[in-house]
Structures are given as structure tokens and as C-alpha cells.
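Engineer: Structure below; questions to follow.
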Amino acid sequence: AQLHYSVPEDREPGFSVGDLAKDLGVEVRSLATRNLRLVSEGGQRHFQVDLAAGVLLLDSRLDREALCGQSPTCSLHLQLVMENPLQLHRVEVDVLDVNDNAPQFPKPEVVLEITEVANPGTRLPLEVAEDPDMGSNSISTYELSPSKHFALSINVRGDGVKMPEIVLEKALDREKVPVHHLTLTALDGGNPVKSGTARVTIHVLDANDNPPVCDPPISKVLLEENVPVGTLVTKLNVTDLDEGPNGDVEYSFKTSNNAPGKFTKLFSLDARTGEIRTKAPLDYEESSAYEIAVRARDKGSPAMEGHCHLRVELIDINDNSPEIVLTSVSSPVQEDAAPGTVIALIGVKDSDSGDNGQVRLQIAKELPFKLVSSFKEHFSLVTSGPLDREKASGYNITVRAVDSGSPQRATQKTFYLRIADVNDNAPNFSSPFDTAHVQENSLPGTSVFSVSASDPDEGSNAKLSYSILDNGMQDAPISTYFRIDQDNGTIYTVRALDYEQDKVFQVPVEVKDAGSPALSSTAVVHVFVLDENDNAPNIVYPSVPKGSAFHQAIPALAEPGYLVTKIVAVDADSGHNAWLSYQLQESAEALPFQVERRSGEIRVAQALRESEDSHRLVVEVRDNGTPSLSASVVIVISPEENSVQDFSKSLDLPQPSSEDTNLTLYLIISLVSISLVSCVMFGLVAARC
């Protein structure tokens with residue numbers, strides 16, 4: 001709890017300040033058992049606790065002026081500690097001012113001089129009395145002992161201080177009364193009233209009977225702050241009706257010995273001309289006005305003086321730029337942040353006043369952000385639209401503060417806001433369709449093709465992995481033919497490929513990023529198997545067992561050009577590798593037969609002799625591959641007398657078997673497939689172009 005008491009400052013020790021037990025709501029007898037202790041926060045002990053009565057007592061006489069000086073309020077703070085249970089209570093005691101100090105003049109006697117020719121209305125300023133008490137107990141008024149010639153005038157200064165002056169009411173005659181003795185009394189407003197006195201001795205002097213007069217006695221000047229040093233503030237208009245030295249006026253600042261005026265550091269006074277100029281920079285933010293008191297004193301004997309009061313009010317100019325304070329910045333911010341997300345808290349301040357201190361904030365309009373006023377001089381920077389890290393990975397945000405002064409002053413501060421990536425972009429292949437070629441019978445692990453994909457995201461969202469999907473187009477899973485490096489997208493063969501079995505593969509490749517959730521895309525690589533000359537020609541006709549010969553009878557009188565037989569062969573390869581040529585192997589004797597190179601027809605090349613024996617021919621069939629492969633067949637030709645030259649008999653070709661028919665079908669399918677693949681390739685090339 002917090003308790004609040006008040007006590008006048010003049011009470012004797014033992015004075016009851018307050019009933020602690022009642023105000024704390026505890027029984028008096030429990031205070032001792034709970035070990036009530038009193039702790040003074042200031043270190044000095046002014047109070048004590050009567051545990052038997054449960055009241056707070058004054059331990060020593062209080063002096064408010066010694067404790068708090070001229071402060072308008074005076075409070076002492078205590079702490080009450082109670083145990084079982086432990087509790088802490090705070091006590092605040094206001095020390096009330098009592099009228100225990102009488103007014104006192106700086107000097108017990110004041111000596112003044114006045115010429116005998118002084119005009120009624122002449123004023124003689126007096127020093128102000130001091131009273132340490134506050135409020136109504138401070139100085140209330142002044143009184144002057146009765147006089148035929150003098151009266152008291154009290155002026156109130158701008159800060160409320162009463163200034164006593166002696167005013168001449170009746171002309172003086174030094175020959176009758178050369179010295180006047182008066183008593184000045186200062187009265188405070190306490191009850192009972194206290195007073196202080198000072199003896200005033202006024203010497204009446206002869207001659208110089210006109211004092212300097214300031215016109216006007218109180219004036220005001222408006223001056224812009226930050227004017228150049230040496231700027232003329234004003235020139236005092238002081239007149240003295242006397243002539244000669246009695247009318248020659250000297251000027252000086254009027255200050256108090258105890259508190260010299262601060263204006264003397266900022267302004268200079270020409271003692272001869274009365275010009276007041278600046279001698280240091282003036283700052284409205286430090287002080288908006290200055291009170292200057294000037295004494296105008298002539299050189300008469302005795303000297304006479306007048307007093308001028310000048311108030312210099314400064315006009316604020318826009319000499320302070322706004323200041324931007326970044327209270328908080330949230331960087332990075334997710335690129336999927338919703339509009340209205342707070343990015344930064346910004347404060348502004350301007351030391352100028354009025355319009356010069358009114359500040360507005362600005363940012364570039366093309367940025368996806370806006371400023372929202374939170375409360376006076378505080379703003380929030382929020383998102384005003386969607387963010388896309390792939391278009392802008394960050395923003396240099398320049399905040400510009402402009403005041404409303406004339407001319408305007410501006411300040412800007414730039415900070416960098418980084419945009420954090422989210423997985424909002426799927427990987428993208430450079431092409432959805434690619435074509436690759438691989439030689440048949442290549443070793444497992446042969447590199448076929450490298451697919452390439454990109455992802456505009458960053459970090460794990462852009463880390464890609466490749467895999468092959470099974471499309472079910474082959475008899476066996478595609479993974480049994482190819483594999484892919486999941487890091488770089490290179491496709492390798494898993495086993496040797498056979499052109500005669502599979503001429504083209506469609507390999508679906510999927511690329512997937514490592515984001516959450518993961519995004520993916522696919523592409524198809526058409527892998528064409530290139531034929532290799534790995535199949536030797538196969539002689540279909542005549543069909544003889546290996547190591548045997550084919551016997552063919554011809555008429556003994558067969559003429560040149562007679563068709564003996566025809567060799568028919570096929571090659572499982574394609575293209576040049578399947579182009580076949582026929583030829584006779586060289587023999588020791590010249591044979592009367594020849595073989596057509598392309599058709600494989602064996603014909604009689606020259607007339608046969610009548611008693612000619614059989615001829616043994618070795619016909620070789622060779623393809624056009626590299627290296628070239630071949631097959632051969634041995635044909636024994638026997639001339640016979642009873643053979644008739646009959647083409648159908650001579651070329652006794654057997655009907656093709658089902659195996660030969662299938663082989664022919666395979667050749668046709670191969671040719672059609674190659675044609676289709678070529679068309680697809682031409683179409684892909686045209687599409688890409």
C-alpha cells in the first residue's frame with residue numbers, strides 16, 4: 001500500500017503524523033510481533049514509529065527550506081517493512097510550508113542620491129528583498145515610512161516578482177533638507193505576517209537635475225534565430241535634457257550579482273551609442289525569448305541614470321532538419337507476405353516548432369510498400385502489394401522526411417530489405433522434348449544425354465533432383481534400360497541396347513525441387529538406337545546345312561546367259577549395313593559362270609564344252625557395313641545331257657517357309673519404323689526452329 005500524510009515544517013519532535021495501524025488496517029498489538037521497521041529513502045531519519053500506539057511520530061524538527069529549497073513541493077518518502085508475512089508499504093509525507101522566515105534585504109542600508117532639481121515622478125529603483133518561504137508566505141508587498149517628498153511604487157516584473165521603487169512626489173530643496181532617512185519594509189503573506197526592513201538614505205545633490213529617459217521604457221524586438229553574429233538588435237532611444245557631461249549618457253547592462261543575466265553572453269552593448277548587437281548564435285530551441293535590462297547613466301555629478309527594459313523574442317526559422325529513427329526492421333520478409341504486413345516501425349522528430357516542426361514521410365511510389373501513420377510522429381511501413389523474390393530479391397527503401405517550413409528541409413535514410421524465398425516456382429526444363437542417339441551394343445554406363453532444368457527459387461527450393469518415370473511402352477521397365485544421375489541429369493545405359501530389338505525409347509524424366517511442398521515437372525527424351533553392323537548376311541536360298549553343298553543340274557549345252565540359280569540372302573541390320581553384294585570366290589581354274597553383284601543370279605558366262613565335268617562354285621554374300629560381314633554357300637553345277645533349258649526348272653526356288661515369311665515381315669516393319677522415326681525427328685526439329 002502507499003500512505004500519504006502531511007506535516008507542517010515547524011512541528012516539534014514527537015508530533016503525530018498519522019495513524020499507521022488504522023490506515024494499514026492492522027491491529028496495534030501485531031505491529032511489534034511483525035517487527036515493523038521504518039526505512040528512510042534519503043538516508044536521514046526524520047520520523048519514528050510508536051509501536052505501542054501504532055502512530056508515525058516526528059523524530060526531529062523539519063526545515064522545509066533546508067530540505068527542498070525553492071521547490072514548489074516538498075515530500076519525504078519512507079518505507080515500512082513488516083514481516084510474517086513480509087510486506088512493504090510506501091509512505092509519502094508532504095512537508096507543508098509555514099511562515100518561519102522573514103523577508104530580508106540584501107543590504108541593511110541603501111544609500112541613494114538624487115539631485116535637488118529632480119522632477120516629481122523621478123524613480124529610484126530599490127533592491128528586491130528575499131524570502132525563502134514559498135507561495136503565500138513569500139513577499140507580498142512593500143511599505144515605505146511616511147515622507148512629504150517620497151512615495152513607494154511597486155511594479156510587477158514578467159516573472160511575477162515585485163519591484164519596489166521610490167518615486168519623488170514633491171520637489172526637493174537641498175538647502176533645507178540635504179539628507180532624507182526612510183525605512184523600507186518588506187511584508188510577506190503569512191499568518192502571522194513577517195517583515196524585514198532596510199534603512200534608505202537619500203542624499204540630495206545639486207545641479208544635474210535631469211536623468212536619462214528611455215523612450216519607451218519597455219520595448220519588444222522580434223529577431224530571427226541564427227542571425228549572423230554582430231546583427232543590430234536595436235538602438236536604445238535615451239534622452240537627457242542636461243547639457244555637457246550631465247547629458248552625456250553611458251550604457252551598461254543591469255545584472256544581479258547573485259545571478260548574472262545569460263543575455264550578457266549572447267548580446268553586446270555599445271556603452272556610447274546604446275546599440276545592442278548579437279555576439280553569439282541565437283537558438284530558438286534553446287530559449288525563445290530574453291529579458292534585457294539596460295542602465296543609462298549620465299556623466300553628471302552626481303550621475304543620474306535611467307533604465308530600459310528590452311524583451312527580445314526569437315522567431316523560429318527552419319534550421320533543423322527532420323530526424324528519422326528506425327525503431328524496428330523485419331528483414332528478411334517472406335515473399336508470400338500478405339498485404340498489410342508490417343515491415344518497419346519508423347519515428348520522426350524535428351526540433352523546430354510550428355509548421356517548421358511538422359514532418360511528413362515519403363517513399364517511392366513504385367515500391368510495393370506504403371507508410372501508415374500509427375500515432376503522432378510514428379509510422380509503420382507495410383506491404384501494399386504482392387512480393388516476388390524472383391523479380392526482386394530485395395529492395396533499397398529510401399524513407400524521406402520533409403518538414404513544412406519555408407524553405408523546406410528534408411532528410412532521407414535508406415535501408416535494405418531482403419525478400420526471403422518460398423517454393424512458389426516449379427522446376428522448368430530447357431525443352432519439354434529432347435532427342436538423343438546411342439550406338440547399339442554400347443557398354444553399360446555409356447552416357448546418352450544430359451537434361452537440364454532450372455528453378456528461379458533459391459536455396460533448398462532450387463535444389464533439383466532428377467529421376468526416370470516408367471511409361472510402360474517397352475516390354476521391360478524403362479529403368480532396366482536407362483538410369484539417370486539425380487544430381488546432374490545425365491542419362492546412362494544400364495545394359496547394351498539392340499537396334500534389332502528396340503530402335504527408339506521414350507524416356508520420361510522428372511525433376512523435383514527440395515522445397516516443402518516439393519514441386520516438379522517432366523520432359524521426354526527420345527533415345528534413338530543407332531544400328532551397328534553386328535549381323536552377318538543370312539543365305540535364305542539355297543538353304544543347305546553348314547559344310548554341305550547345293551547341287552544344281554543344268555543342260556550340257558546351256559548357252560551364255562542361261563540362269564543357273566539365284567542366291568537369296570537377308571541381313572537383320574539396316575541401312576548400309578543391310579546392303580548386300582554377291583560375288584564368286586576366286587578359284588584356281590576359270591569358271592564359265594558369273595554372279596550378278598546385286599541380284600545374286602548365277603548365269604552361264606560362256607559356252608560349256610561337251611564332256612565338261614561338274615563345277616564347284618563358292619558364292620560369297622557381303623554386306624556394306626564397317627567392318628563388312630559375309631556369308632558363303634557352295635554350289636556344285638553339273639551339266640546333264642537330258643536337262644532341258646527351262647527357266648522354271650533351272651530356277652527351282654522352293655516356296656518360302658513361315659520363317660522366311662516372318663523375316664520378310666520384319667524387314668518391312670523395320671523400314672516403316674525407320675521412316676516414322678525420321679518423320680518424328682524432322683517434326684521435332686521444325687518445331688524447335
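Every residue, even glycine, has its Cβ placed from backbone N, Cα and C.
Heads up, TrEMBL stuff is auto-annotated, nobody curated it.
From a predicted model like this one, the values you see are computed outputs, not experimental measurements.
Checked TrEMBL, it gives:
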| type | residues | note |
| --- | --- | --- |
| DOMAIN | 6-105 | domain 'Cadherin' |
| DOMAIN | 106-214 | domain 'Cadherin' |
| DOMAIN | 215-324 | domain 'Cadherin' |
| DOMAIN | 325-429 | domain 'Cadherin' |
| DOMAIN | 430-539 | domain 'Cadherin' |
| DOMAIN | 546-658 | domain 'Cadherin' |
| TRANSMEM | 663-687 | transmembrane segment |
Engineer: Six or more residues beyond either end and a Cβ under 8 Å away: which residues meet both conditions relative to the transmembrane segment (663-687)?
Structural biologist: 433, 435, 503-504, 526, 528, 538, 540, 570, 572, 574-575, 656
Engineer: List the helix, strand and coil residue totals of the domain 'Cadherin' (6-105) as derived from DSSP.
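Structural biologist: Taking each residue of the domain 'Cadherin' (6-105) in turn, the totals are 15 helix, 38 strand, 47 coil.
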Engineer: What average pLDDT is reported by the model for the domain 'Cadherin' (215-324)?
Structural biologist: 86
Engineer: Within the domain 'Cadherin' (325-429), how many residues are helix, strand or coil going by DSSP?
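Structural biologist: When I sort the residues of the domain 'Cadherin' (325-429) into the three classes, I find 4 helix, 55 strand, 46 coil.
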